[in-house]
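Annotated in TrEMBL:
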TRANSMEM  6-27  transmembrane segment
TRANSMEM  51-70  transmembrane segment
TRANSMEM  90-108  transmembrane segment
TRANSMEM  129-151  transmembrane segment
TRANSMEM  163-184  transmembrane segment
TRANSMEM  191-209  transmembrane segment
TRANSMEM  240-259  transmembrane segment
TRANSMEM  271-296  transmembrane segment
TRANSMEM  333-358  transmembrane segment
TRANSMEM  379-400  transmembrane segment
TRANSMEM  406-428  transmembrane segment
TRANSMEM  435-451  transmembrane segment
Amino acid sequence: MAFHAEGLVAIVIFYLMILFVGIWAAWKNKSSGGAEGGDRSERIMVGGRDIGLFVGGFTMTATWVGGGYINGTAEYVYLPGFGLAWAQAPFGYALSLVVGGLFFAKPMRSRGYVTMLDPFQQIYGKRMGGLLFIPALMGEIFWSAAILSALGATLSVIVDIDINMAVVISALIAIFYTLVGGLYSVAYTDVVQLFCIFIGLWISVPFALSHPAVSDITVTAKEVIYQSPWLGNIDPKDKWLWADNFCLLMLGGIPWQVYFQRVLSASSATYAQVLSFIAAFGCLVMAVPSVLIGAIGASTDWNQTSYGALPPKDMDQSDMILPIVLQHLCPSYISFFGLGAVSAAVMSSADSSILSASSMFARNIYQLAFRQSASDNEIVWVMRCTIFVFGALATAMALLTGSVYGLWYLSSDLVYIIIFPQLLSVLFVKGTNTYGSVAGYVFGLLLRIGGGEPYLKLPPFIYYPGWVTQEKIHHVTGDVEYFVQQRFPFKTMSMLASFLANVAFSYMTKYLFESGMWSHKYDFLDAVVSKHSDEIMDKDTLVSNHDNIILSEITPVRQSLGASLAGTFINSEILSDDGASSPEDLVIKND
């Protein structure tokens, strides 16, 4: 493949533009007085809580519409046997944002938290907050590594430059402007990147559709021309697997710090909800060109193109269908626009994940767990160091690890199975405690790991009903790989088991300690009978005094349940500010 100097120049210009916007946003924040005062670290994390609808809507949409989103959507639409019916990300993530806006955005923003882990440390303690940090960190780092790896492969397809160099340069630029400006730089660059994604992909679609080798996609949607129809279908025996994956996207897309970082940066709780709904619509709109590109790939006679006689699916390159369509079905100058779109999508997700991981570490691990007396300047420097460290770690994984996507799939499952039920419990269920949280954590982890993970070649030790042995043929090498496919919705079952274990063990330990059946000296986690534990964070420690919360925003969410049932199970104190002001008060009121 020939080296494309024009493509390299286009990428350099694009990267310089992104870098300029990131530095400008940091300067704008500093010149407006954002760097002054005692809450500088919080401004880096949540942008001073003054992100408006325009910038907020763009940055929240761009967080989901990343390289994996647009590449993965096109891949599943293209794959024979899957098609649009299995391209669940657009609808799954859109519904995730709707559910998050309806039920989670208002309670979190109204309480004035700074990170997603704050309510866990308030109710379950510092150590449990640190334990929940692990799957949250894994999700952010592995996600960043996976999309950086995809970017390197994309650049190598279209521009034919060294993959490692492309990954390192992209990561360095994202790390630099995140380091300089925090959430402000991330948010403003997201606006530019989302425009680039939209324009770049939509410019490419008409040229690809008009290529002589491409058949009418309305015909190939339902008829077999070069492969099975791209609309796809759901085999009845796979319906529970499909439902399991969809629930994972819809509910597992909520408990991510990248989402709550935007929610908590909104100028009001109402704005936080509206941002979620805007982003849901944006996710659907931004998926349309990826769907069309996947359909174009499935409607192409590749023998008539410069790609070669065999289609991408027979070359084990289905995951690269989007850059392949841009390269071989569009003029070179058009493909460079599309390449800019892919690069923008990757950077818009990578910078968000790196900032989210560093925010959780600096606040919930370093400050609240180890150094509560740390100065604001100290926290800022910890954030800067961890932005660089986590960015370097994600880059190294993208360069050295062959199973990055497998690691990300597993970590995403853990976020869904472990963190989501914990978030449900801490926000909406009265009386859960650290013992229940630990039990839910262990139950969910064992049930998920027990199901195995084919991407990591991790064999199952729990064979759920309906499991089958599948074979995967590597067309290039001719190797045949066998793996166990769990058709039972074991991920959702694991999530429900984790939630129920949390509630059951919390109420059981509460009863055993308070009834005297267990001595108070065995309450080693200080979760039930201890009234003044240093382990539990109080509200004054978690919520900044600099944050002004509008009184109308802290009105409890209306419950549709009856008063007696709601009073028994619903944690109304966590939904309003006019309840307990500390965990000690929460314990008394729950008695």
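Backbone N, Cα and C define each Cβ position, glycine as well.
Most Cβ pairs under 8 Å with the transmembrane segment (6-27) belong to 163-184, among the candidate stretches 51-70, 129-151, 163-184, 333-358, 406-428. In terms of C-beta pairs under 8 Å, the stretch of 51-70, 406-428, 435-451 lying closest in packing to the transmembrane segment (271-296) is 51-70. Counting Cβ pairs under 8 Å to the transmembrane segment (129-151), the top-ranked stretch among 51-70, 240-259, 333-358, 406-428, 435-451 is 406-428. For the transmembrane segment (51-70), same-chain residues at least 6 beyond its ends with a Cβ under 8 Å from one of its own Cβ atoms are 89-90, 93, 97, 143, 146-147, 150-151, 154, 183, 186-188, 190-191, 193-194, 197, 201, 253, 258-259, 262, 265-267, 271, 274-276, 278-279, 282-283, 286-287, 289-290, 322, 341-342, 345-346, 348-350, 352, 408.
Contact counts against the transmembrane segment (406-428), taken as Cβ pairs under 8 Å, peak for 240-259 among the stretches 90-108, 163-184, 240-259, 333-358.
Highlighted: of the candidate stretches 90-108, 163-184, 240-259, 333-358, 333-358 has the greatest count of Cβ pairs under 8 Å to the transmembrane segment (191-209).
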